[in-house]
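Here's the structure we're looking at; comments come further down.
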Amino acid sequence: RMFHDDELEESEKFYVGQPRVLLLIYALYNTLVARSEMVCYFVIILNHMISASMITLVLPILIFLWAMLSVPRPSKRFWMTAIVYTEVAIVIKYFFQFGFFPWNKHVDYTKDKPYHPPNIIGIEKKEGYVHYDLVQLLALFFHRSILKCHGLWDEDEKGDSSSNKEDTDDELSLTGGRRDSSASLKSVNLAASVESIHVHFPEQQTAIRRKSSSSISQLSHRSSFSSHRSKRDILININHTTLSLYFLQCRLCVIKSHCGLCCLRTLQVYVPIRQFFYNLIHPDYSAVTDVYVLMFLADTVDFIIIVFGFWAFGKHSAAADITSSLSEDQVPEAFLVMVLIQFGTMVVDRALYLKKTVMGKVIFQVILVFGIHFWMFFILPGVTERKFSQNTVAQLWYFVKCVYFGLSAYQIRCGYPTRVLGNFLTKSYNYVNLFLFQGFRLVPFLTELRAVMDWVWTDTTLSLSSWICVEDIYAHIFILKCWRESEKRYPQPRGQKKKKVVKYGMGGMIIVLLICIVWFPLLFMSLIKSVAGITNKPLDVSITITLGGYQPIFTMSAQQNQLQSLEPNEFNEFLRSYRGNTAALQFLEGYAREDITRADLEGNSNSLWTISPPSRQKMIQGLRDSNADFSLVISWAIQRYKNMKYLISHFFPRTLEEVYPYYIKAPSDSLAKPIKQLLKDCKWENITVSLVKNTSEEWWVLDQLGKRQKTPHESLELFIFSDKVSPPSLGFLAGYGIMGLYASVVLVIGKFVREFFSGISHSIMFEELPNVDRILKLCTDIFLVRETGELELEEDLYAKLIFLYRSPETMIKWTREKT
């Protein structure tokens with residue numbers, strides 16, 4: 001060994017011999033130390049999500065627009081700013097907790113008001129007002145101690161001081177030759193004009209920077225940037241010199257006017273910010289990376305949160321179920337606005353990624369950070385009428401958006417990749433990528449939208465149809481490549497039959513799937529009411545009897561307490577009464593005890609019989625005429641949930657024998673039917689009708705003779721059998737019926753399945769390709785020359801690809817196995 005130390009070996013053996021739980025704790029601590037800045041970011045964002053005030057809003061914005069954009073790491077100035085700001089925030093919150101402030105006298109009344117000024121600022125009185133701030137301060141000091149242990153705390157300060165010294169030596173060379181800024185100000189003759197000031201350009205250092213920058217450009221592989229490196233260095237030096245002149249002019253004007261002081265203060269703030277973003281957009285070197293996929297996934301998660309929790313971004317009166325809102329042809333405004341904004345940001349992000357413009361990404365980052373924070377913490381509380389800290393869905397959406405901001409800042413800091421080739425799912429050839437890629441292509445309009453966006457924001461000579469043709473060929477060849485690689489990994493010897501695992505696994509699954517599709521409507525309609533059906537009891541039962549078309553003689557309705565379910569003993573007795581009646585028992589099998597309702601209607605009509613004397617005399621004459629038919633009309637109406645009425649009318653002779661139905665079935669359609677299977681000898685019940693007079697008033701009284709529930713007074717009894725209805729969540733499918741499901745679902749799916757099984761012979765020459773490596777390489781070459789700007793070569797390679805698919809003989813040669 002080159003180096004041997006007994007203590008180090010003993011220490012290593014000691015740690016290896018520790019329990020696994022202790023080793024896990026060590027590993028977690030080391031991870032915490034390695035990512036301590038991420039811990040600080042997380043605590044700051046968590047504090048802002050819980051507090052949601054202007055005091056805690058500053059640090060999250062500084063994180064996304066300063067800390068995460070700093071190269072290679074946040075400077076000491078940022079961490080000191082965060083520490084001092086947190087300490088000041090703690091003191092301010094503590095100071096405003098005293099009760100002598102007027103807004104602290106009605107805390108219970110104003111604590112839930114989102115636009116109450118102390119709540120917006122963050123100085124309201126509450127329990128635990130400073131807990132998360134103390135945790136935030138503890139995390140910041142923990143990160144500070146780690147930087148001090150590794151010697152990184154004062155590293156930036158030393159580098160800044162040395163660079164500032166060099167810049168001062170180069171830029172502020174006055175006639176006196178003094179370097180210090182304060183000393184140089186003293187040495188300047190205030191009566192001298194601005195034109196007499198000489199500025200020496202650092203020519204030698206410019207040459208050195210140009211040389212170093214050109215060598216760095218060879219390592220960074222940024223072709224669009226390296227060709228202009230030397231010109232940029234000269235412009236940087238000129239800009240430094242110009243800014244130095246501006247500073248000097250302002251310092252000279254301080255004594256003469258106050259405008260010079262304001263200009264100096266403005267430049268002291270503007271110049272560092274401008275230089276920070278300028279260095280970010282034009283870095284000396286760049287470790288390019290590609291995190292667009294992760295940003296897209298974060299946006300997708302936010303999109304899903306909006307779809308399933310859109311009610312949290314609107315008024316409290318908004319429907320909590322998107323399916324019910326869409327089924328009523330109502331699109332909530334909050335849902336529409338949020339979906340369009342989220343989808344628009346995803347499209348803009350894709351455009352910036354394809355154009356590889358860091359400046360546009362920086363501008364987009366600044367707009368998004370300020371816009372989303374302003375909307376989430378100032379507009380949304382007013383829309384939802386509740387504080388952000390009480391909106392769990394909005395907090396989850398904001399946290400995922402913060403992850404997107406972090407990834408976006410990392411993309412800006414590292415720079416966009418030089419080449420964007422193919423889909424991110426086509427980087428390897430295995431089953432996972434294969435099925436994910438096919439699932440990606442099955443999403444409606446996603447493949448088409450991606451292809452058109454790529455064509456719009458990518459420099460190419462191909463037309464849109466040619467572009468789509470190349471994309472389709474590449475997708476098809478990638479799928480074939482995945483299948484060929486799987487055949488190599490799991491080879492099938494010649495002359496050997498397929499294993500039962502493969503046959504029963506794949507074939508059995510397809511058989512079960514096809515059977516389920518064929519019998520899906522019958523199974524669905526039978527199980528939807530028997531298993532998941534909901535009992536729909538009647539709310540109102542009404543009976544109306546009319547003689548010969550004259551004024552109704554009897555009207556009565558039963559509601560609430562008059563509508564009773566059968567008791568278990570009554571239901572059992574009801575079933576025993578039909579023992580031996582096969583038709584009745586077969587009918588009763590489809591109903592449970594809770595589906596049967598007994599309606600007790602009073603025998604006295606609830607309305608007076610008002611009829612004119614001529615009509616009364618004419619009706620009496622018609623009843624006395626034994627040779628003429630006189631009709632009796634009995635109407636019943638059953639009102640159930642959703643105001644569904646079931647009405648039927650029957651005409652009978654003038655006799656009142658066998659006129660009362662007694663058992664009525666209330667199905668899920670619009671027609672209530674009498675149940676003949678439950679009647680004795682299929683005959684309806686008899687009722688008695690009598691007219692009661694009281695001075696000038698008169699009304700009719702009806703009584704049923706064969707009632708099950710014996711009552712001492714006149715009354716009518718009616719049994720209603722209610723069919724179960726489908727749940728509201730599945731009503732959109734159950735509403736089609738069996739034939740509708742067959743026509744709309746089974747036949748459509750069957751059409752696609754038939755195309756899969758019957759169209760194979762027409763695509764043999766494109767499907768059965770033994771080796772697709774050459775075609776895949778040709779597609780990749782088209783992508784490559786497009787990225788490098790060789791557009792003429794792109795046209796030639798595309799023509800070669802089209803000729804290959806037009807010539808079967810050439811295709812056979814290109815797809816042979818390599819020898």
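Keep in mind that glycine also has a Cβ here, set from the backbone N, Cα and C atoms.
Copied over from TrEMBL:
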type	residues	note
DOMAIN	34-154	domain 'Piezo transmembrane helical unit'
DOMAIN	289-526	domain 'Piezo THU9 and anchor'
DOMAIN	564-643	domain 'Piezo non-specific cation channel cap'
DOMAIN	655-817	domain 'Piezo non-specific cation channel cap'
REGION	155-180	region 'Disordered'
TRANSMEM	14-32	transmembrane segment
TRANSMEM	39-66	transmembrane segment
TRANSMEM	78-96	transmembrane segment
TRANSMEM	291-314	transmembrane segment
TRANSMEM	334-353	transmembrane segment
TRANSMEM	362-384	transmembrane segment
TRANSMEM	396-416	transmembrane segment
TRANSMEM	428-444	transmembrane segment
TRANSMEM	464-483	transmembrane segment
TRANSMEM	504-528	transmembrane segment
TRANSMEM	730-753	transmembrane segment
Beyond the flanks of the transmembrane segment (362-384) by 6 or more, those residues with Cβ under 8 Å of it: 52, 57, 60-61, 64-65, 114-115, 120, 277, 280-281, 312-316, 334, 345, 348-349, 352, 391, 394, 398, 401, 405, 408-409, 412
For the domain 'Piezo non-specific cation channel cap' (655-817), the mean pLDDT of the predicted model: 77
For the domain 'Piezo transmembrane helical unit' (34-154), the number of residues DSSP places in helix, strand and coil: 82 helix, 0 strand, 39 coil
Candidates 39-66, 291-314, 464-483; stretch with most C-beta pairs under 8 Å toward the transmembrane segment (334-353): 291-314
Helix, strand and coil totals (DSSP H, G, I; E, B; other) for the domain 'Piezo non-specific cation channel cap' (564-643): 34 helix, 19 strand, 27 coil
